[in-house]
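*Asks:* This is the structure I have questions about; it appears just below.
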Amino acid sequence: MVNFTVDQIRAIMDKKANIRNMSVIAHVDHGKSTLTDSLVCKAGIIASARAGETRFTDTRKDEQERCITIKSTAISLFYELSENDLNFIKQSKDGSGFLINLIDSPGHVDFSSEVTAALRVTDGALVVVDCVSGVCVQTETVLRQAIAERIKPVLMMNKMDRALLELQLEPEELYQTFQRIVENVNVIISTYGEGESGPMGNIMIDPVLGTVGFGSGLHGWAFTLKQFAEMYVAKFAAKGEGQLGPAERAKKVEDMMKKLWGDRYFDPATGKFSKSANSPDGKKLPRTFCQLILDPIFKVFDAIMNFKKEETAKLIEKLDIKLDSEDKDKEGKPLLKAVMRRWLPAGDALLQMITIHLPSPVTAQKYRCELLYEGPPDDEAAMGIKSCDPKGPLMMYISKMVPTSDKGRFYAFGRVFSGLVSTGLKVRIMGPNYTPGKKEDLYLKPIQRTILMMGRYVEPIEDVPCGNIVGLVGVDQFLVKTGTITTFEHAHNMRVMKFSVSPVVRVAVEAKNPADLPKLVEGLKRLAKSDPMVQCIIEESGEHIIAGAGELHLEICLKDLEEDHACIPIKKSDPVVSYRETVSEESNVLCLSKSPNKHNRLYMKARPFPDGLAEDIDKGEVSARQELKQRARYLAEKYEWDVAEARKIWCFGPDGTGPNILTDITKGVQYLNEIKDSVVAGFQWATKEGALCEENMRGVRFDVHDVTLHADAIHRGGGQIIPTARRCLYASVLTAQPRLMEPIYLVEIQCPEQVVGGIYGVLNRKRGHVFEETQVAGTPMFVVKAYLPVNESFGFTADLRSNTGGQAFPQCVFDHWQILPGDPFDNTSRPSQVVAETRKRKGLKEGIPALDNFLDKL
């Protein structure tokens, strides 16, 4: 099916029950791009001989060189199900042709923001797990994100060729390995999912249902239990009964699948299935999965890899595999690939699993609407999204910008959730800060062109109905990173994406030649557009700062900046880590600040959060948008807050959502509401730039104890109150034992047993500590988990490899913030050095400001 045209795709786009939007997610190097190849070659864009080597979706040169995926890439595939297979689909369908929009996403944790962007526009996910190394830290992170977005997972066990050829596992051991991975994945799903009673129903994966695939992307073969069940049903049917109708056949195959997994055994002597492991005459019976599925595969591997010519010929005939003339002369691995690919083609198995088990937009948008849309659940836009209605108002979410071949321009890449987007349509382009009824962050502009994304190429298309993924030309000037596009006047925004990592590593950049500064500024703007997570900031000292998730992420960003966006040579500083400011005790005095005109007084105290509250705010368990009483109850039950105080939270900060809280515990103050906005503004300002070195604050609760105000409104305006509030907040921080917090990575290291000692050495030198060490069952590999300060992580990978002879593979994920031990006021301590360096870098006055600047006497 190589030559399917845009018109054919366009025809299927209207059959929204036959669309599947899915992404491929996994831990780094578990083989996503390689697997995607077998799908692409099935839908016919790569020649099948090259599949497994081309990595079609790795479109950039550096992706091909480093052999990693950096940006998520979209591609549309067409697949036709046979009459027999259609009966397995439990949701509504429309004809036998399916359009699959597939997004291949990166596995490196540094690029997990790309994964988030991919997940937002898809409804299903193919989770790839390497069956040798099992479920890793990044598998868990991306799976958790997928479930939080209400995306249905199916599992693929990749790299079976390694299990057979390198580890030489027995069938029973291999079954146990699979069983363990399935259990691990289901534990993650049930931990973060909403249970069977939730809106999605049961999303646990189960080989019996056919939601688990097994195979090898590199060799291009794969199967689910369905393929083997069909072979055996056909075999048994051939013995006795005549032809079955498609519906009865589907029923028989489903029954058969139940027998092929779990504690079911097969007696080859009688040809019967049994539930006990021993036959009536006391022989030990083989498990059905091992006997009926793994055994034939092992036989093929054994015959071909040991060059048993006659046996190979017999097997090929028995399995009814038709080889090309050129394949017949091969031997060893090339022959193995050719045979397995003919017998169990990966494309078919995976595409069937995707079309049968992943939801169509019609199914998925019913339960995803409430998570996607911020507005009321019953306005026109929400109804359009829920029913995926092409006649409804246009609602579209742009999840990222894709650079075009033309420097400096971007395609806006996103998904149409309701309505129809077409060339020349006049739309409302709403950025993430838009609020209905206001004019800011809103543009009314026509769309210049709509295009289809096909991996490395784009195809122009007239219009695209809802449920599809599309690229737009001509809206990139009006959006940074993400936004909502709609034709409905009262539409609210689609919800902003939550990233699982935060940009904690920063680098200062400058142009080598000062005359190139304007190009650098322009380049930074483009960089901020092209990557969903990177932040570009200008410090007060005039420095340009780029913040990213980690070393690798920053390295790629800087390379892009130099070569694509700014096209000028760049100097960069050493990487610096962002810190947070916090307090460790309650303020020792009640802090008083007077306004500049001496007529208003504010009294406040600061105190630290109880453990875990800041993390809850980050996750969104406690947020500014929650229902008041519900939030108060949660705080009272979990953190033992006073209920009356918990109800009087004024706001969160910085930016209205951060992990600091301002509460009002005053008793009967007149005119208090009039100054609330001013105090809140001062609070946002103070929490964004803390007292120690103007870093964000974290985990501080401020209590307003008392306020005395001037009777005339004119003497208590914003100009009087905002700076006063800020001074008072600073004073309460400085009297509450202020501390610095540093970001900590969770490092997962895979290594053979003999080098574990070397790892401990490296970690101890870098202030890290190991908190878990486990052996991967059935292999000689160890997994070491440790906490490592981000500050010490630069060059960690190189250091680790040189100390372990290149046998250890680390994965760093940002995990939490931790207080840096020591007092910033003590000149010999580590925090005071950090404060001094940071203040110097930002061009602030030397030394922490004295308390007298903020605290007033009565």
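Just so it is clear, glycine is given a Cβ too, placed from its N, Cα and C backbone atoms.
Swiss-Prot lists these features:
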type	residues	note
BINDING	26-33, 158-161, 216-218	GTP binding site
CROSSLNK	Lys239	SUMO1 cross-link
CROSSLNK	Lys322	SUMO cross-link
CROSSLNK	Lys529	SUMO cross-link
DOMAIN	17-362	domain 'tr-type G'
MOD_RES	Thr57	phosphothreonine
MOD_RES	Thr59	phosphothreonine
MOD_RES	Lys235	N6-acetyllysine
MOD_RES	Lys239	N6-acetyllysine
MOD_RES	Tyr265	phosphotyrosine
MOD_RES	Lys272	N6-succinyllysine
MOD_RES	Lys275	N6-acetyllysine
MOD_RES	Tyr373	phosphotyrosine
MOD_RES	Lys439	N6-acetyllysine
MOD_RES	Lys445	N6-acetyllysine
MOD_RES	Lys619	N6-acetyllysine
MOD_RES	His715	diphthamide
*Asks:* Let's check the environment of Tyr373 (phosphotyrosine): how many other CB atoms sit within 10 Å of its CB?
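*Replies:* Looking across every protein chain shown, the total is 26.
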*Asks:* Per DSSP, Tyr265 (phosphotyrosine) is which: helix, strand or coil?
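*Replies:* DSSP call for Tyr265 (phosphotyrosine): strand.
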*Asks:* What three-state secondary structure does DSSP assign to Lys619 (N6-acetyllysine)?
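*Replies:* Assignment for Lys619 (N6-acetyllysine) reads helix.
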*Asks:* Over the domain 'tr-type G' (17-362), what is the model's average pLDDT?
*Replies:* 75
*Asks:* Counting Cβ atoms within 10 Å across all protein chains shown, which of the recorded positions Lys439, Lys529, Lys619 comes out on top?
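*Replies:* The largest 10 Å Cβ neighbour count belongs to Lys529.
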*Asks:* Based on Cα distances to Lys235 (N6-acetyllysine), point out the closest of the recorded positions Asn158, Ser216, Lys445.
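*Replies:* Looking at Cα distances from Lys235 (N6-acetyllysine), the smallest one goes to Ser216.
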*Asks:* Does DSSP give Ser216 (GTP binding site) helix, strand or coil?
*Replies:* strand
*Asks:* Work through the recorded positions one by one (Leu218, Lys272, Lys275, Lys322, His715) and name whichever has its CA nearest to the CA of Lys619 (N6-acetyllysine).
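*Replies:* That would be Leu218, the closest of Leu218, Lys272, Lys275, Lys322, His715 to Lys619 (N6-acetyllysine).
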*Asks:* State the Cα to Cα distance, in Å, between Tyr265 (phosphotyrosine) and Lys275 (N6-acetyllysine), rounded to an integer.
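*Replies:* With distance taken Cα to Cα, Lys275 (N6-acetyllysine) is 6 Å from Tyr265 (phosphotyrosine).
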*Asks:* Nearest by CA distance to Ser216 (GTP binding site): which of the recorded positions is it, out of Lys275, Lys322, Lys439, Lys445, His715?
*Replies:* Lys322
*Asks:* So for Lys445 (N6-acetyllysine), how many other CB atoms are inside 10 Å of its CB?
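*Replies:* Around Lys445 (N6-acetyllysine), other Cβ atoms within 10 Å: 14.
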